[in-house]
């Protein structure tokens, strides 16, 4: 743990002491972060040998599926810095430093959240990530609506997670411990009353709002649309996964006996959300909003996969979360490259870009195909496993998930065709050519995605 | 004001609170509270502004009637039980009256409506004394009495967190917002006073630190409403980057110090079998969070991306010492990891 935490903390000092030039700052900071990520990759590969066995590994005192989230965090944070270079270029140096420090503390809190072995520590860090994210959205966003978006973000999350705190404290009173390592050995809870059902809901709803579940998702598109590119990336790629990670942890450890019946309404909402948000995507003109709603739709599948509580469901959810983390982050970066050239998020204003930025079209193509889960990408593997476990749970879910898959494919293609194909509108003159920075960014997003399918063993956690 | 008189007033302010702290006799406790009030009044009215005099009058009336009711209840207690000892007050009637009298003095909802009015009339230094030191004596008495009606204290606590949150929502005056914030914070302390008095001590300690940092920041910027706060980032940019954290610490957002008492209070409440109360209290904190967040927005999060073209406010060098502010702000932001040490400090 200290191997990542210490270098991450040092990034604060680095941002403060480094040379008075943006390029130096950004290159060094992201390079440093990538090195942290590399230590992480090394450890994860090393841990692969322990993956088959369900016991704790000696590196992080954790169950097998955790390093993925830490790795995802460490991988995406340098990419966030690279992607916001254009956004930061006009700012005074002190604000650039503050911005990088903000991202550093976000990385620090996220690593601590994913590697916490106490539930209360996890809760603290879960909440602690709110603050840097809020600042990224409201301080560094562009439009005036960002203030509303920040309010929505903070209040949705807090209103659902304060009951979680009380629920955790109650759990501590009952079992005497909140340690993730020992909690599984405590006596199974005797949950039968209405109060216990409320407690169950309290434990889960915070994560469902964070995911977000359809019905409690309104904060997400707002936050995504208003946040700068780094904010959108971290929200879609890591913060939503915090919800999924928390759900897996809570369900496996303590919620087991009640979840069988009580999760019905949530599964229904999640699957209904897959279809509904997909339909919303189909009529979307705002590029970032489209990607945000597509996140909600994918997360609906993840919620379904987790809540049916089979090993396949969990593995599928895990794979889909990792794959979606890379894909949605890549899509937000691509949307941002458009935004930096056109200065609008509107799809109708930036059409036919293949003519001017042909290499970017390749990235758009791969990212769109990943979003619609084309074989052989890991997105497909995740979706298939979730679909299979859902069908096993009830064959009727096929109607919703099948429609969902179809709609996902349609809007991903709609997004790709609208932005890239067709004639170039006449108002698009004097566009910047694509920078190698942007190509590096996209390669660092999509290469891991392509490579992961060669060793899916790394990300599927339980099934072996 | 002549420094001699100021010194006498400040000493009396300390003396009154100390007498109340160290008394075991109701009469002496009352004497301490009265000395405290009387020393505070000239401090409030020292700059002869009508608004300040009005605030001092209001403060006098409220505190005097609170103290009178307290004395009255002490006498009834002596009448019913035959002794004046604070610790042995066992009869439910006088204790209920005393609880209400003390909550009037503290400004707990539903007896809090005087607090914003008084705050609004005073300057920020006096407000700081009013929000911190003046709360100590009544709270010390509250800690010592044996509460008979647990539901009364829980009612007062819930009403305060709710009323303190609700009242501040539509305010643009910083002093009023901080008055409502004080009510809400005291509500948390009162909720837990019957279960764990030492936790109340910890909570008031943290509240004093965070609210002092806030008041000193406002004083440095001479800001008394949101609009003035919004243009004061030019005066002290680094401070204005830290102040949102102090405010959110006051709101009790992890990972800042302000989360520590909230966390422990919720833990104590759930340990006492009051999870519903704990949940409702936690959710009422969101109401307060809204106005702290609005201040944060006005102060830092809506800054211009580049240099502004309008005229910035006139910057006079402030004579205020910045060291206390620096220490308090740091303590208000970063003490959460020291929670175990803090718990040991108040012997939890």
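Each residue's number is its place along the chain shown, starting with 1.
Cβ coordinates are placed from backbone N, Cα and C, and glycine is handled just like the others.
From a predicted model like this one, the values you see are computed outputs, not experimental measurements.
Feature transmembrane segment, per TrEMBL, maps to range A:356-374 of the set A:356-374, A:375-393.
Residue ranges A:12-29, A:30-47, A:120-137 are listed, and TrEMBL annotates A:120-137 among them as transmembrane segment. Contact counts against the transmembrane segment (A:232-252), taken as Cβ pairs under 8 Å, peak for A:314-335 among the stretches A:96-114, A:290-308, A:314-335. Predicted-model confidence for the domain 'NADH:ubiquinone oxidoreductase chain 4 N-terminal' (A:1-113) is 75, expressed as mean pLDDT. Between the transmembrane segment (A:314-335) and the transmembrane segment (A:394-419), fewer than three CB pairs separated by 6 or more residues in sequence fall under 8 Å, so the two stretches do not touch.
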